[in-house]
Amino acid sequence: MTILNHTLGFPRVGLRRELKKAQESYWAGNSTREELLAVGRELRARHWDQQKQAGIDLLPVGDFAWYDHVLTTSLLLGNVPARHQNKDGSVDIDTLFRIGRGRAPTGEPAAAAEMTKWFNTNYHYMVPEFVKGQQFKLTWTQLLEEVDEALALGHNVKPVLLGPVTWLWLGKVKGEQFDRLSLLNDILPVYQQVLAELEKRGIEWVQIDEPALVLELPQAWLDAYKPAYDALQGQVKLLLTTYFEGVTPNLDTITALPVQGLHVDLVHGKDGVAELHKRLPSDWLLSAGLINGRNVWRADLTEKYAQIKDIVGKRDLWVASSCSLLHSPIDLSVETRLDAEVKSWFAFALQKCHELALLRDALNSGDTAALAEWSAPIQARRHSTRVHNPAVEKRLAAITAQDSQRANVYEVRAEAQRARFKLPAWPTTTIGSFPQTTEIRTLRLDFKKGNLDANNYRTGIAEHIKQAIVEQERLGLDVLVHGEAERNDMVEYFGEHLDGFVFTQNGWVQSYGSRCVKPPIVIGDVSRPAPITVEWAKYAQSLTDKPVKGMLTGPVTILCWSFPREDVSRETIAKQIALALRDEVADLEAAGIGIIQIDEPALREGLPLRRSDWDAYLQWGVEAFRINAAVAKDDTQIHTHMCYCEFNDIMDSIAALDADVITIETSRSDMELLESFEEFDYPNEIGPGVYDIHSPNVPSVEWIEALLKKAAKRIPAERLWVNPDCGLKTRGWPETRAALANMVQAAQNLRRG
């Protein structure tokens, strides 16, 4: 029984973000569709070759996506919302882009599909939309074309397909409500057709992703798996693929399915290898997800070997990444600025492929010398002074309950804040960032490269902040922001100013569409050596009589959007960050900043996948936020911002944050998120986002007014704020001015009644 290795997927964007650049060039009309398609072909060929050269046996095909793999699956099935359809009924790449971003070089603009987090990761998918009576057919053959490409290049191909039950689980019913699970029998013939086409091409194994099987699914959904896979059996071998958690609670459902193999995430799940071996059918292949696809740390291969060695020779076995390497940067070798000690602790996607090759070879030969050599830096890290800071650990141990309590309750604070700020009804504000123009990015880049001295850099940033204040005053906004011209990314910026973080030059990972982020890496105990945001906030406030918000990224979001340490708990990291940012709140307040926003867009996405594990996470997540904020005086107004959230199931925790104002993303969901706040009788102030900043479309005054009136039916108008869904960093100034002017006009109309 020779052991093989494989990856569940590979990063799509390219080492230099070639896909992002090609997408944005095409969207802007600066390149042709053929040029865009050529970039995709080149990236796929390169990535297959890189994996092969790194020692991967079975190459994933179908993991590439022009925007998002869930959206690719929707198009495969012919699931195109009516508003995005071509007049002749055809589907092309512009159809895909209209669904993802609301517009494309061809076709009429229309509201983009809803976007939300992919399980508990920082990747976003486009939510499939279902309507009663809709029909499905094989429409978008990207998977088959890419399989043909890979076969023509001589590769050993393992197609990747999002499974039917998970795809339905991820979607939402629009219009007249019905059970979306009732669509399962309608989509299975398309899956059968795809599998038949793959069989014709000589494919032996298909990786069919059903990550919903790690969730606490309703019984009806669990029961749907058997008839679904009965319908799909017999054409090619199916590797049922799960990730992000273990499968033990649903193993009885899984073992009844007519598949030939199971992939299990042995990094994030608690499944024991011996128990899996005992309970899986003896003729099934086990794909062991031993290498963490979601982090950047070098694996302790001696430990991984010990974890799996007892079943070697007892069943067919593959070793694999825990999940797709989509969530990891591509190549550590191009990082020239990391110091050698720290660099030796990491492994990016290509290095993880090498780890899989080392592990496969050791399991096949029994020779573990190479594993011990690879794992040596991990032992050294455990004792490094770069990791441990006794002062931070002492401060963390001394936290008391009082450290997470504001001095008075919201009602008392609100009175003090009303007296201080005297804001009108329907107060208008933005979420924080303004367009990151070419001039701003060039300014930062020149400074970073040493082509610009500190004085000229600061003069340039000050000018952009001044422009942002002037623009906001001209528009008539009530609470202003400084625009964040000095910030490259809301998490990276703070990480750069906190001890305990390191950064990469090219450690890009895809967030959604063409949006890429370069997450900081937490390597040690976190502390704040000096104030971070105070200088620019104070300068912005000096330019206006209106209040200017101080802008912080909250501790849970910094944790969730960074690559965390693996040697301490996430709770420990979050509370260390909270203590560092608590000092920042105190310094902002002392500098005269009266409104401080602590963004926590990632609070919900950090939830464990199983509801039974939620309480512990929410307890420390809320406590971290409160430690961060509780130092503020009564007349300092604390805002928080959250996006891509469904709130129903965590309303107790949202209220427990005790923020004076919460702003949320609601426009894509047509204000339906406010239902949670209404039913809960949320006591504090709320700013429901009135337009979608992810789309370049400008909302009309009437549209915004209608949304606000809808909001006022659920939340008393005196507690409503008016704001966009999210920061405006990715937008251009023309559409930003137009949208904000309409937003302010809508608020003024409502004030007049």
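Cβ atoms here come from the backbone N, Cα and C positions, even for glycine.
L-methionine binding, as stated in Swiss-Prot, involves ILE431, GLY432, SER433, ASP599; the candidate among GLU484, GLU486, GLU646 given for that site is GLU484. 5-methyltetrahydropteroyltri-L-glutamate binding, as stated in Swiss-Prot, involves ARG17, GLU18, LEU19, LYS20, LYS117, ARG515, CYS516, TRP561; the candidate among GLU463, GLU471, GLU605 given for that site is GLU605. When the Cα positions of ARG17, GLU18, LEU19, LYS20, LYS117, ARG515, CYS516, TRP561, GLU605 are compared pair by pair, the longest gap among these 5-methyltetrahydropteroyltri-L-glutamate-binding residues is 28 Å. Counting other Cβ atoms within 10 Å of each Cβ, the binding-site residues LEU19, ILE431, CYS516 show the lowest value at CYS516. HIS694 (active site, proton donor) sits 8 Å from CYS726 (Zn(2+) binding site), taking the CA atoms of both as reference points. Of the recorded positions ARG17, LYS117, HIS641, HIS694, HIS641 has the largest number of other Cβ atoms within 10 Å of its own Cβ. The number of other Cβ atoms within 10 Å of the Cβ belonging to CYS726 (Zn(2+) binding site), over all protein chains shown, comes to 27.
GLY432 (L-homocysteine binding site) has GLU665 as its nearest neighbour among the binding-site residues ARG17, LEU19, LYS117, GLU665, going by CA to CA distance.
Under the three-state DSSP scheme, LEU19 (5-methyltetrahydropteroyltri-L-glutamate binding site) falls in the helix class. With respect to their backbone Cα atoms, CYS516 (5-methyltetrahydropteroyltri-L-glutamate binding site) and ILE431 (L-homocysteine binding site) stand 20 Å from each other. Nearest to GLU605 (5-methyltetrahydropteroyltri-L-glutamate binding site) in space, judged by Cα atoms and limited to the binding-site residues ILE431, GLU484, GLU665, is GLU665.
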